[in-house]
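Written out below as structure tokens is the structure these notes cover.
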């Protein structure tokens, strides 16, 4: 395999991995597949777009001037930070208006999944209504790729990869080393017992929504920075996100990230070897294969 | 009973709104008491304690803890108020270590007291202290039960409720578990024990001068001192498997 395929795959895979962590966390704790997760990613990208545009026009455009080798100014990282909060707020709002009432009513998993389809369509339509379907970019700056060991990557791509890895480590530490992480693992295993053990399960659920949305937002900003921003961007990433979440093993953060990278490299290899038109098939093939051969995923536990 | 630490009044509860399993239970448990809840399968024993702890919906009636109404409080709030529950099955977090099971429960306590409380429980359960990093899923049935009890005791509860802690355990481990429960009750923790192992449960309650209540079809049919109920021939025949001697032929 060409080293360039590996680099391209790892960069794309880091975005998939970040999104898949949100999918795997919400799936393991709320016990349903949230098909609106991709749209949180798109909303995060648009929140950052709107905010970076506003910040960029402040201070005589000083915040929009590119930072060092990167294509963007300080307006984008600042906007991305604020966008994570807004995306978390959006996820909590959707939960408060839609999923929460359904859970309290004791709705079945299929009802929740169908509701998430509805939420996804609504969120996507709202984006299209507000921003149109025209693609946007955070920056118009051109970047020169850096050469290393026979491979090429732009500074933006390398930064995105580094940010993704740092976020994965932080989430892993949050889950394994903190009180809220312990509570999240407890609720994932047995919500009733968690309540009996004194855990405020509703608070944990809110935390999971917020954390998943923050990661989705970051993945969306990365996708917007490296590719483009479109209302359909979340939908396009949905299948790879679910493939990575299931391949990694539901509930496993390192598994979701590793699986995201595998899906990304698989897509890059397919584009290079077979053709770009087959890219979308990779996630589907991985998803079907893992469900048939190892449904618990790479790091999941078998129920048997 | 005026000094009841836990009381239910007209409690109606069940899994479906129109299908109550607990049908109007009045119960008062005095501070430090050891109460055994007995009854045939399906009588509503487990449903009653789950309704008290908040795991099953209450349709009517009230639950008070030290006089405060708690029937509508969220489950975690009841724990904070001193009501601890050990379910019959799935009563530990198998994916967490022994230490993490205890630390999870200790999060209810003020931060400065947590480590000391866990150390006190390790002193009470030395088997657990020997391997705090072991995943609870790797423990034997008896060890899991001990961990479940230790987890419930972390919050220094006023009332400890256990749902069939002897289920699936060997007779030797059952004896050990019940001896431990008697010792915990002796420290002043009000104990409510749902059990199918009637003889052992009544003997344990009797050793603590405790009481027993028998639930039949969601209502309390008999109630009295555990020692008396153990010797009651009707109770013995109905619930202890004893047979009355046939009347001598005239």
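Placement of Cβ uses the backbone N, Cα and C atoms for every residue, glycine included.
Of the listed segments A:158-175, A:176-193, TrEMBL assigns transmembrane segment to A:158-175. Of the recorded ranges A:6-30, A:42-68, A:109-127, A:208-229, A:271-293, the transmembrane segment (A:241-264) has the largest number of C-beta contacts under 8 angstroms with A:6-30. With Cβ pairs under 8 Å as the measure, the transmembrane segment (A:158-175) is packed most heavily against A:6-30, out of A:6-30, A:42-68, A:109-127, A:208-229. With a cut-off of 8 Å on Cβ pairs spaced 6 or more residues apart, the transmembrane segment (A:74-97) and the transmembrane segment (A:271-293) reach fewer than 3 such pairs and are scored as not touching. Only residues 6 or more beyond the boundaries of the transmembrane segment (A:271-293), in the same chain, are considered here, and those with a CB under 8 A from a CB of the stretch are 2, 5, 236, 239-240, 242-244, 246-247, 262-263.
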